Amino acid sequence: MMKFIALFALVAVASAGKMTFKDCGHGEVTELDITGCSGDTCVIHRGEKMTLEAKFAANQDTAKVTIKVLAKVAGTTIQVPGLETDGCKFIKCPVKKGEALDFIYSGTIPAITPKVKADVTAELIGDHGVMACGTVHGQVE
(Lines of atoms letter the chains of each structure in order from A; the text may use other names.)
(Lines give C-alpha, C1' and ligand atoms only; values in the text may rest on other atoms or scores of the structure.)
Protein backbone atom coordinates (compact mmCIF):
# COMPACT_ATOMS: atom_id res chain seq x y z
CA MET A 1 0.00 0.00 0.00
CA MET A 2 2.81 2.44 0.88
CA LYS A 3 4.53 1.70 -2.44
CA PHE A 4 1.31 2.65 -4.26
CA ILE A 5 1.00 5.92 -2.30
CA ALA A 6 4.65 6.77 -2.96
CA LEU A 7 4.22 6.05 -6.69
CA PHE A 8 1.02 8.15 -6.81
CA ALA A 9 2.80 11.06 -5.09
CA LEU A 10 5.72 10.83 -7.51
CA VAL A 11 3.39 10.88 -10.53
CA ALA A 12 1.47 13.83 -9.07
CA VAL A 13 4.66 15.85 -8.54
CA ALA A 14 5.99 14.96 -11.98
CA SER A 15 2.69 16.08 -13.51
CA ALA A 16 2.43 19.34 -11.54
CA GLY A 17 2.23 22.33 -13.84
CA LYS A 18 1.47 20.22 -16.92
CA MET A 19 -1.85 20.67 -18.70
CA THR A 20 -3.54 17.41 -19.60
CA PHE A 21 -4.74 17.43 -23.19
CA LYS A 22 -5.79 14.99 -25.87
CA ASP A 23 -4.20 15.33 -29.30
CA CYS A 24 -7.15 14.92 -31.65
CA GLY A 25 -4.98 15.08 -34.77
CA HIS A 26 -2.10 12.81 -35.63
CA GLY A 27 0.35 13.60 -32.84
CA GLU A 28 1.38 17.02 -34.15
CA VAL A 29 0.88 18.79 -30.79
CA THR A 30 3.86 18.15 -28.54
CA GLU A 31 3.10 20.61 -25.74
CA LEU A 32 0.15 22.68 -24.53
CA ASP A 33 0.23 25.33 -21.82
CA ILE A 34 -2.66 27.52 -20.69
CA THR A 35 -1.99 30.29 -18.16
CA GLY A 36 -2.89 29.12 -14.66
CA CYS A 37 -3.95 25.63 -15.76
CA SER A 38 -2.53 22.29 -14.74
CA GLY A 39 -3.92 18.82 -14.35
CA ASP A 40 -7.06 17.39 -15.90
CA THR A 41 -9.38 20.44 -15.93
CA CYS A 42 -8.48 23.96 -16.97
CA VAL A 43 -10.41 26.56 -14.96
CA ILE A 44 -10.50 30.01 -16.53
CA HIS A 45 -12.11 33.09 -15.02
CA ARG A 46 -14.45 35.56 -16.66
CA GLY A 47 -12.95 39.00 -17.18
CA GLU A 48 -9.38 37.73 -16.88
CA LYS A 49 -6.66 37.45 -19.51
CA MET A 50 -5.51 34.00 -20.55
CA THR A 51 -2.68 32.83 -22.77
CA LEU A 52 -2.56 29.55 -24.64
CA GLU A 53 0.73 28.26 -26.04
CA ALA A 54 0.90 25.17 -28.24
CA LYS A 55 4.01 23.65 -29.76
CA PHE A 56 3.48 21.48 -32.82
CA ALA A 57 5.05 20.25 -36.04
CA ALA A 58 3.35 21.32 -39.26
CA ASN A 59 2.00 18.33 -41.18
CA GLN A 60 1.58 20.25 -44.45
CA ASP A 61 2.69 23.18 -46.57
CA THR A 62 0.05 25.90 -46.30
CA ALA A 63 -0.33 29.55 -47.23
CA LYS A 64 -2.97 30.24 -44.57
CA VAL A 65 -4.07 28.89 -41.20
CA THR A 66 -7.59 29.10 -39.80
CA ILE A 67 -8.41 28.73 -36.09
CA LYS A 68 -11.57 26.83 -35.15
CA VAL A 69 -12.62 26.42 -31.50
CA LEU A 70 -15.43 24.04 -30.54
CA ALA A 71 -17.06 23.49 -27.13
CA LYS A 72 -18.96 20.34 -26.22
CA VAL A 73 -21.49 21.17 -23.51
CA ALA A 74 -24.02 18.60 -22.27
CA GLY A 75 -23.51 16.47 -25.37
CA THR A 76 -23.92 19.33 -27.86
CA THR A 77 -20.95 20.70 -29.83
CA ILE A 78 -20.95 24.37 -30.82
CA GLN A 79 -18.38 26.62 -32.47
CA VAL A 80 -17.19 29.26 -30.00
CA PRO A 81 -18.11 32.69 -31.43
CA GLY A 82 -16.17 35.93 -31.19
CA LEU A 83 -12.64 34.52 -31.39
CA GLU A 84 -9.97 35.50 -33.91
CA THR A 85 -9.88 32.93 -36.71
CA ASP A 86 -6.80 34.09 -38.67
CA GLY A 87 -4.01 31.81 -37.46
CA CYS A 88 -1.42 33.77 -39.44
CA LYS A 89 -1.74 36.52 -36.82
CA PHE A 90 -0.19 34.09 -34.33
CA ILE A 91 2.29 32.11 -36.44
CA LYS A 92 4.29 33.16 -39.49
CA CYS A 93 2.66 32.16 -42.77
CA PRO A 94 3.30 30.52 -45.16
CA VAL A 95 4.06 27.35 -43.20
CA LYS A 96 6.33 24.55 -44.43
CA LYS A 97 5.67 20.86 -43.71
CA GLY A 98 7.84 19.62 -40.82
CA GLU A 99 8.39 23.13 -39.45
CA ALA A 100 8.36 23.35 -35.63
CA LEU A 101 5.84 26.01 -34.64
CA ASP A 102 5.03 27.84 -31.42
CA PHE A 103 1.44 29.12 -31.48
CA ILE A 104 0.68 31.74 -28.80
CA TYR A 105 -2.87 33.08 -28.42
CA SER A 106 -3.81 35.68 -25.78
CA GLY A 107 -7.19 37.12 -24.97
CA THR A 108 -9.59 38.13 -22.24
CA ILE A 109 -12.48 35.86 -21.31
CA PRO A 110 -15.59 38.06 -21.73
CA ALA A 111 -17.30 38.88 -18.41
CA ILE A 112 -20.65 37.84 -19.91
CA THR A 113 -19.43 34.28 -20.59
CA PRO A 114 -21.69 31.87 -18.69
CA LYS A 115 -20.25 29.63 -15.99
CA VAL A 116 -19.98 26.28 -17.71
CA LYS A 117 -18.01 23.03 -17.93
CA ALA A 118 -17.08 21.90 -21.43
CA ASP A 119 -14.65 19.87 -23.48
CA VAL A 120 -12.93 22.48 -25.65
CA THR A 121 -11.27 21.54 -28.94
CA ALA A 122 -9.01 23.91 -30.86
CA GLU A 123 -8.10 23.12 -34.45
CA LEU A 124 -5.57 24.83 -36.70
CA ILE A 125 -6.68 24.22 -40.27
CA GLY A 126 -4.37 24.63 -43.26
CA ASP A 127 -4.94 24.46 -47.01
CA HIS A 128 -5.01 20.65 -46.85
CA GLY A 129 -7.04 20.03 -43.67
CA VAL A 130 -6.30 19.91 -39.94
CA MET A 131 -2.69 20.85 -39.07
CA ALA A 132 -2.98 20.48 -35.31
CA CYS A 133 -5.79 19.68 -32.90
CA GLY A 134 -6.02 19.52 -29.10
CA THR A 135 -8.85 18.99 -26.61
CA VAL A 136 -8.93 20.00 -22.94
CA HIS A 137 -11.53 19.68 -20.19
CA GLY A 138 -12.45 23.25 -19.32
CA GLN A 139 -14.50 25.19 -16.83
CA VAL A 140 -15.45 28.89 -16.82
CA GLU A 141 -15.85 30.49 -13.39
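The backbone N, Cα and C atoms fix where each Cβ goes, glycine too.
Here Swiss-Prot flags CYS24-CYS133 (among others) as disulfide bond. The Cβ neighbour count for CYS133 (disulfide bond), using a 10 Å radius and every protein chain shown, is 22. When secondary structure is read from DSSP and collapsed to three states, CYS133 (disulfide bond) falls in the strand class.
For the recorded site, CYS42 (disulfide bond), the DSSP three-state label reads strand. Residue environment of CYS42 (disulfide bond) contains 22 other Cβ atoms, counted within 10 Å of its Cβ in all protein chains. Annotated disulfide bond per Swiss-Prot: CYS37-CYS42 (among others), in sequence order, evidence recorded as similarity to another entry.
Look at CYS88 (disulfide bond): DSSP puts it in a helix. Residues or ranges marked as disulfide bond by Swiss-Prot on the basis of similarity to another entry: CYS88-CYS93 (among others).
Mean pLDDT of the predicted structure over the region '3 X 2 AA repeats of K-V' (64-73): 94. If you look up Swiss-Prot, you'll see 64-73 marked as region '3 X 2 AA repeats of K-V'.
Residues annotated as signal peptide in Swiss-Prot, with experimental evidence given as evidence: 1-16.
Residues 79-80, 83-88, 90-91, 93-95, 105, 116-127, 131, 138 of the same chain lie 6+ residues outside the region '3 X 2 AA repeats of K-V' (64-73) yet bring a C-beta within less than 8 angstroms of a C-beta in it. CYS24 (disulfide bond) sits 19 Å from CYS37 (disulfide bond), taking the Cα positions as reference.
If you measure from the Cα atom of CYS93 (disulfide bond) to that of CYS133 (disulfide bond), you get 18 Å.
The Cβ neighbour count for CYS37 (disulfide bond), using a 10 Å radius over every protein chain in view, is 23.
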